Amino acid sequence: MKELVNILDFLPEELGEKIKPMFRVKQIYQWIYQKYANNFSDMSSLPKDLRLELAQNFHFSPVKCVKNEQSKDGSIKYLFELIDGLRVESVLLPMKKEKINTEGKRISHARYTICVSSQVGCKSGCSFCLTAKGGLKRNLSTGEIVGQILWIKKQNNIPYERRVNIVYMGMGEPLDNLKNVSKAVKILAQNDGLAISPRRQTISTSGLAKQIKELGQMNLGVLLAISLHAVNDELRTELMPINKAYNIAAIMDAVREFPIDQRKRVMFEYLLIDGINDKLEHAKELVKLLNGIKAKVNLILFNPHEGSLYKRPSLENAIKFQDLLSNKGVTCTIRESKGLDISAACGQLKERAKEQ
């Protein structure tokens, strides 16, 4: 029996090499990404013989949702099973509620962020992250990355044209899977598809300096987020073993070379861990480290998970840390940890066992 190929792996020009004429590729993209077709037989504007040809050669269901949990704050965590039985988690984060005026008319739409996984597991070994506990199983294909987003939008009846933000902050190190992640960015941005601008897609990394430079040279227009979490190499190596390969100086050099839109900033994620990296002296060092860089610091209070020895700091301490940065001219926010009650917050995702 012929093995079917995932059509979500293909850019339009790649499909155009297999399917003629090109306007049919445009129609196929629109059926999949805009009309949310369930199968090729739904694509009524295509000739019957083309629909049959597509069904004989392609599929577009590389991920299957086997479980979902909804948080009190409205966040939804999805457990997806892949074709080989491995599993990843993704999260839909409601960022802004729909607004209705006194006359019952909608004056603004709800806004969402989708946190997507790029690998099954992760090899970075960060001591505070649950994903790292199981190690790396494999990279996700481009279609498996795109499939998470497509399924979530379809399941929640989010029209294709409705703006969503994509953050590659789920399971895995995105830059360890740069080829497939960068292609996913391009596919998601297609005007005949989901039309998610690269400026609405943020790629997070633990600090792979070489790949940061490679990503910059691609000129995709994506936003960059650096998981920093410490201001000196000794502490960062303790928290993040990847620092042995790429120390803070190497990361900052790569960041300085990264092309950023004049209106945008590089995001630095800083996980505050009680008694470890949350002192005001750390905040002062962070100010020095970011000198001369268009940066925004995103403070995250540590999210507890099974087996962790770290503690979550008080909000009071986090605000003091934030105030010091802000008073020194560093743009800084404290991230609200959405989905904490369903283990969907930062550092809490993992490959859940099949018995679940």
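A Cβ is built for glycine as well, from the same backbone N, Cα and C atoms used for every other residue.
Keep in mind that what you see is a predicted model, and the values were worked out from it rather than measured.
From the candidate list Ser197, Ser204, Ser326, the residue Swiss-Prot records in the S-adenosyl-L-methionine site shared with Gly172, Glu173, Ser227, Leu228, His229, Asn303 is Ser204. Between the C-alpha atoms of His229 (S-adenosyl-L-methionine binding site) and Glu89 (active site, proton acceptor), the distance comes to 23 Å. Annotation: Cys122 are the recorded positions among Cys115, Cys122, Cys126 whose CA atoms are within 10 angstroms of the CA of Gly172 (S-adenosyl-L-methionine binding site). Spatial neighbours are here defined as Cα atoms within 10 angstroms of one another, and by that definition the neighbours of Glu89 (active site, proton acceptor) among the recorded positions Cys115, Leu228, Asn303 are Cys115. Spatially, by CA atoms, the binding-site residues Cys122, Cys126, Ser204 include one closest to Cys115 (disulfide bond), and that is Ser204. Cα-Cα distance from Ser204 (S-adenosyl-L-methionine binding site) to Cys122 ([4Fe-4S] cluster binding site): 13 Å (rounded to the nearest whole number). Nearest to Asn303 (S-adenosyl-L-methionine binding site) in space, judged by Cα atoms and limited to the binding-site residues Cys122, Cys126, Cys129, is Cys129. Taking the C-alpha positions, the distance from Cys129 ([4Fe-4S] cluster binding site) to Ser227 (S-adenosyl-L-methionine binding site) comes to 12 Å.
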